[in-house]
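The structure appears right after this line, and notes come after that.
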Amino acid sequence: MFTGSYVALITPMYQSGEIDYPSLKKLVDFHIANGSHGLIAVGTTGESATLPFDEHIEVVKRMVEFADKKIPVIAGSGANSTAEAIFLSEQMAGTGIDGFLSVVPYYNKPQQKGMVAHFNAVADATDLPVLLYNVPGRTVADMLPDTVAELATHPKIVGLKDATGDIARLKQMQPLVDKDFVFLSGDDATGCEFLTAGGHGVISVTANVVPKQMSQMCEAALAGNYSKAKEIDQQIAELHSALFIEPNPVLPKWALYKMGLIQSAFLRLPLIESELDSQNHIEQVMRNSGVLS
């Protein structure tokens with residue numbers, strides 16, 4: 001259902017902190033023109049933690065409007081309160097989105113059975129497909145393979161974004177689920193390896209900056225041309241690491257500002273704009289990768 005390169009899109013903001021919707025449209029157009037296979041609205045990279053519900057929902061609505069059915073839009077709907085996750089999902093269900101991305105509840109460290117109850121409740125509350133999102137580096141709680149397998153039996157839970165970077169875990173999960181269950185990498189550094197091990201796509205931060213290369217890499221891997229996929233991945237490998245020198249999405253925003261795609265690299269507190277050394281480093285990497293001339 002959801003395969004290829006899905007970009008974990010940033011949420012552009014003016015220096016005042018308000019959402020910059022003209023730049024958001026420019027970004028959506030940029031991804032359509034450069035072959036991205038889908039957009040993730042207001043996930044981790046979209047600063048979901050600092051967008052109140054009304055803004056969160058409005059950004060999703062605008063992205064759907066700008067995408068104009070030319071590219072799928074999946075909305076981040078995760079929360080560490082099951083009631084809030086359900087509320088968000090219900091509010092966004094009628095916006096025209098193609099599905100939800102729902103993260104493992106963070107901070108309160110639910111048990112595995114608690115995760116099962118949480119995600120089943122979220123999926124029961126919608127008619128749209130749900131992607132699970134496991135990112136223990138941010139949430140602390142880790143959704144284990146047997147838990148994924150149990151949740152995969154729910155008819156609305158169609159896949160998993162796995163940001164562990166652990167290819168062995170992917171291989172462990174594959175025989176536990178139906179063949180139609182989708183595995184998407186949430187770790188750019190290991191995304192190509194994930195695809196060659198049988199993954200179906202990526203939800204990528206790097207794709208903010210090089211959408212064409214990421215979509216071409218995915219297309220090559222999914223067609224079985226692993227040598228071409230690895231060749232493309234090597235061309236952008238420096239970007240994979242450079243974009244994460246500071247917490248995401250600090251440097252992706254600065255890179256897009258440098259590319260002229262957004263008007264400001266502003267982030268909402270507690271995130272702040274990148275250090276000069278980081279900016280100089282990623283600018284050089286962008287030149288090395290052909291992003292900047």
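Positions of Cβ are set from backbone N, Cα and C atoms, glycine also.
Residues or ranges marked as site 'Part of a proton relay during catalysis' in Swiss-Prot: Thr44, Tyr107. The pyruvate binding site annotation in Swiss-Prot covers Thr45, Ile203. Per Swiss-Prot, active site, proton donor/acceptor is recorded for Tyr133, and the stated evidence type is sequence analysis. What Swiss-Prot lists as active site, schiff-base intermediate with substrate is Lys161, and the listing cites sequence analysis.
Recorded features from Swiss-Prot, shown on the structure.
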residue: Thr44; record: site 'Part of a proton relay during catalysis'; Cβ within 10 Å: 24
residue: Thr45; record: pyruvate binding site; Cβ within 10 Å: 22
residue: Tyr107; record: site 'Part of a proton relay during catalysis'; Cβ within 10 Å: 10
residue: Tyr133; record: active site, proton donor/acceptor; Cβ within 10 Å: 27
residue: Lys161; record: active site, schiff-base intermediate with substrate; Cβ within 10 Å: 27
residue: Ile203; record: pyruvate binding site; Cβ within 10 Å: 28
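Thr45 (pyruvate binding site) sits 13 Å from the residue listed as 'active site, proton donor/acceptor', taking the C-alpha atoms as the reference points.
Annotated pair the residue listed as 'active site, proton donor/acceptor' and Ile203 (pyruvate binding site), C-alpha to C-alpha distance, rounded: 10 Å. Within 10 Å of Ile203 (pyruvate binding site), judged by CA to CA distance, lie the following recorded positions from the set Thr44, Tyr107, Lys161: Lys161.
Comparing Lys161 (active site, schiff-base intermediate with substrate) with Tyr107 (site 'Part of a proton relay during catalysis'), their Cα atoms are 19 Å apart once rounded.
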